[in-house]
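Just below is one structure, and these are the notes that go with it.
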Amino acid sequence: MLQGTCSVLLLWGILGAIQAQQQEVISPDTTERNNNCPEKTDCPIHVYFVLDTSESVTMQSPTDILLFHMKQFVPQFISQLQNEFYLDQVALSWRYGGLHFSDQVEVFSPPGSDRASFIKNLQGISSFRRGTFTDCALANMTEQIRQDRSKGTVHFAVVITDGHVTGSPCGGIKLQAERAREEGIRLFAVAPNQNLKEQGLRDIASTPHELYRNDYATMLPDSTEIDQDTINRIIKVMKHEAYGECYKVSCLEIPGPSGPKGYRGQKGAKGNMGEPGEPGQKGRQGDPGIEGPIGFPGPKGVPGFKGEKGEFGADGRKGAPGLAGKNGTDGQKGKLGRIGPPGCKGDPGNRGPDGYPGEAGSPGERGDQGGKGDPGRPGRRGPPGEIGAKGSKGYQGNSGAPGSPGVKGAKGGPGPRGPKGEPGRRGDPGTKGSPGSDGPKGEKGDPGPEGPRGLAGEVGNKGAKGDRGLPGPRGPQGALGEPGKQGSRGDPGDAGPRGDSGQPGPKGDPGRPGFSYPGPRGAPGEKGEPGPRGPEGGRGDFGLKGEPGRKGEKGEPADPGPPGEPGPRGPRGVPGPEGEPGPPGDPGLTECDVMTYVRETCGCCDCEKRCGALDVVFVIDSSESIGYTNFTLEKNFVINVVNRLGAIAKDPKSETGTRVGVVQYSHEGTFEAIQLDDERIDSLSSFKEAVKNLEWIAGGTWTPSALKFAYDRLIKESRRQKTRVFAVVITDGRHDPRDDDLNLRALCDRDVTVTAIGIGDMFHEKHESENLYSIACDKPQQVRNMTLFSDLVAEKFIDDMEDVLCPDPQIVCPDLPCQTELSVAQCTQRPVDIVFLLDGSERLGEQNFHKARRFVEQVARRLTLARRDDDPLNARVALLQFGGPGEQQVAFPLSHNLTAIHEALETTQYLNSFSHVGAGVVHAINAIVRSPRGGARRHAELSFVFLTDGVTGNDSLHESAHSMRKQNVVPTVLALGSDVDMDVLTTLSLGDRAAVFHEKDYDSLAQPGFFDRFIRWIC
């Protein structure tokens, strides 16, 4: 016992001496290592700001308020970007650059500018207030950074925009953002206000969007304060990403002196079974087999299905009358032919031979045999050891020479807890640690009792032979296991190298003899892989001859045979007696019929509406804030009003008649006009075509200059004597502050009657009434206020404008006994989406349902359908049958496929239910118009055609009318039958009685006159 105690004390003294020697050597060596470490890693960061100063941003009320907030947001942002040592490992330094854009780009600070010059240049920019070409701004930014690129610089870009674009001349946002990311630029997308397009911002931002988009905004919602949280979050991401780019572990890679040779380690445990090897190379192609015998003929095929009946051909043209033939002689009556005997019935055919049996599959390869486990029984679990205190990880010191034994110091207490550090980047994988020292010898455990033998499992069914599988993917690395229990004495290791002769130690106590018993049974090996496919089997024997087949079914009747040849001409017969007088003939054409044909042929007998000598100039806003859909409604308003003014002067230079001109405007230099004296505008149809060809400019808003342009270029240069001049101005009342406000009265005091129409813009910003009063020459009665652009085309407002422009019209009709309708211009191709809403109530009836279904198909065949779903021209058609509140049936969505429309109509069933048209309208908008697949096109005119008598439930009727106005729906109502509810029909037509076609029954749908009138109306 005394000898064991002396051994422990001697070992302790030796270890203490070694530790003291190491501490003496570590101190100067650590100082030398710190002196050899390089300085903190330099990490230059360039931040580029891209500011949107287009009209959709800067014209928000009040003007340039969002640009003012940008000029506050950016300096506050960069004031928090200080040069610093981040995590005491990288030295961050900041430089800046920036540009602002609209439909043009201006670089106000090149990349690499310092803070003072950048802020000075930022405060000097002014907004463009025109269109939005974001892709060109991103392309310009990328080129600027590429030219100024320096090695080791981290680039970030902060793009402040609302996501709206008016054009993509540089390839689109996605393309340019991807090119910027390829250049190593990380893009943050920040919204200047709440009127944003989120998808556009996500197209700009780098991924993941949780870092580079994350609802960043310059201002707090419903406030004018800078969003400090956005600044903090973006800066945090910038620093962390820059740290990951710049930080390199270099000081920790200094090699130390080699340590002493270690003891030979214990023999390792048996390793696990290795991963399956990769499949071997594909074997060479086998030799071609011998040619097989010719097979027996196959059985006779069954007769094909009878073909569908073809469609009726088009009516042929009426042939010219032939010359009168000579009187023929009566021929002799021929003899009747004999009826031939029936043919013999054929014998049934023999049953064909059976097919060859399938080839047998090849046997699979034998799987690998699992390794046999070591036998043995598990010992009893030893007592758990005490948990030692976890020490802090120290630096690996250099191995020193053995020193004299030192005095053991007292055990130090735990140090204070350090501050929580910022989360660092993921560390590089460390080097593999050296083998640990042997643990203390554990006590020998008593042998445990042998466990009972388990029950035998049931014999499973033999599995099917599977194909050879590919090796599975490598499994994830298992979690770090818990520290093991105190182990038993290991096997003796191999003899190590002979060491230096040491001092003779005391004699040790003899150990107890160890137990020898088998270990636990090893785990079963993994299941072997299936073997390869076996060789193909030989050809099977011929099967037995089959029994005779059943008697065939009776065939279909054959087509009649060809007609026989005519017999020879017989002798002339005796003249017959005089015949009786025939039935009375059809009545001749009436004067009305003749005049109808004349009017349909030449159109020279129509009534004309004359407003006297009248000049009308429409000034319409074509700026970015209006939006494409609202601009289209402006053009439709102009066409609808001019339709009410009657015929246009055939000679624009004559002193009488109506002339119409149009000015569409955006920013300076973009004005376009249809002149009053344009010789090409000599009819209503030519004027409509010119208006439809006007394209949305999508720039700034220079209303005062546009009014001056309208007077100087249209009214002043072509004014006629004794002619009333009207001007209709459509705008939201706001304009670019750089434009001269004095020109708002450019049409006043010039004998011009001005009507100013103020409507909210695409962002639902209210118009400014003060500017509207200036445009209308301070006459409040000539100012019209509206909320939605769809109110422009309402029937009531069109009537009001007709009364303003032509208060005392003169209707001149030819003296004809028959009346006719006003001529309508032919249908022209443009994008139209037509949704038919068919009343499926019990009042309709099965027969009328089929007539309505045929009418929808005829309309689809008559219209020029689109070539694809995103075709910018032509029409698409949809059908919804509505019944009770929960009984709406979409027969087919908006489609351009005539075959699909025909098949859907054939399978549509009559509902025979109640009628709630309000629920039908809401369902049509949600399920057809707003459908993510095949919904209404963005720039197409949306038309709802109702087939109903108006006798329906009034639930949500007015709400559905409001929904149609919000969707800019153009309604048409086909009121069929004598018992109709005009109040409901007027509500469905949004107050436009001209859009209600009242016919006596559903048979009228097939009348050519009604059908042509309907087609011209919806076009």
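Think of each number as a place in line: the chain as shown, counted from 1.
Glycine too: its Cβ is placed from the backbone N, Cα and C atoms.
Pulled from Swiss-Prot, these are the features on record:
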COMPBIAS  287-305  compositional bias 'Low complexity'
COMPBIAS  306-318  compositional bias 'Basic and acidic residues'
COMPBIAS  365-377  compositional bias 'Basic and acidic residues'
COMPBIAS  419-429  compositional bias 'Basic and acidic residues'
COMPBIAS  524-557  compositional bias 'Basic and acidic residues'
COMPBIAS  559-569  compositional bias 'Pro residues'
DOMAIN    46-234  domain 'VWFA 1'
DOMAIN    615-805  domain 'VWFA 2'
CARBOHYD  Asn140  N-linked glycosylation site
CARBOHYD  Asn327  N-linked glycosylation site
CARBOHYD  Asn630  N-linked glycosylation site
CARBOHYD  Asn785  N-linked glycosylation site
CARBOHYD  Asn897  N-linked glycosylation site
CARBOHYD  Asn954  N-linked glycosylation site
MOD_RES   Ser705  phosphoserine
REGION    21-256  region 'Nonhelical region'
REGION    257-588  region 'Disordered'
REGION    257-590  region 'Triple-helical region'
REGION    591-1019  region 'Nonhelical region'
SIGNAL    1-20  signal peptide
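Locations of recorded Swiss-Prot features on the structure.
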residue	record	DSSP class
Asn140	N-linked glycosylation site	helix
Asn630	N-linked glycosylation site	helix
Ser705	phosphoserine	helix
Asn785	N-linked glycosylation site	strand
Asn897	N-linked glycosylation site	coil
Asn954	N-linked glycosylation site	coil
Given the recorded positions Asn630, Ser705, Asn897, and counting only Cβ atoms in the protein chains shown, which has the most within 10 Å of its Cβ? Asn630
Argmin Cα dist to Asn630 (N-linked glycosylation site) over the recorded positions Asn140, Ser705, Asn785, Asn897 returns Asn785
What is the nearest of the recorded positions Asn140, Ser705, Asn897, Asn954 to Asn785 (N-linked glycosylation site), using the Cα of each? Ser705
List the Cα distance (Å, whole number) between Asn140 (N-linked glycosylation site) and Ser705 (phosphoserine). 31
Please name the residue among the glycosylation sites Asn140, Asn785, Asn954 whose C-beta has the most neighbouring C-beta atoms within 10 angstroms. Asn140
Across the compositional bias 'Pro residues' (559-569), DSSP yields 0 helix, 0 strand, 11 coil
Roughly how many Å lie between the Cα atoms of Ser705 (phosphoserine) and Asn954 (N-linked glycosylation site), rounded to a whole value? 49
Nearest-integer angstrom distance between the alpha carbons (Cα) of Asn897 (N-linked glycosylation site) and Asn954 (N-linked glycosylation site): 35
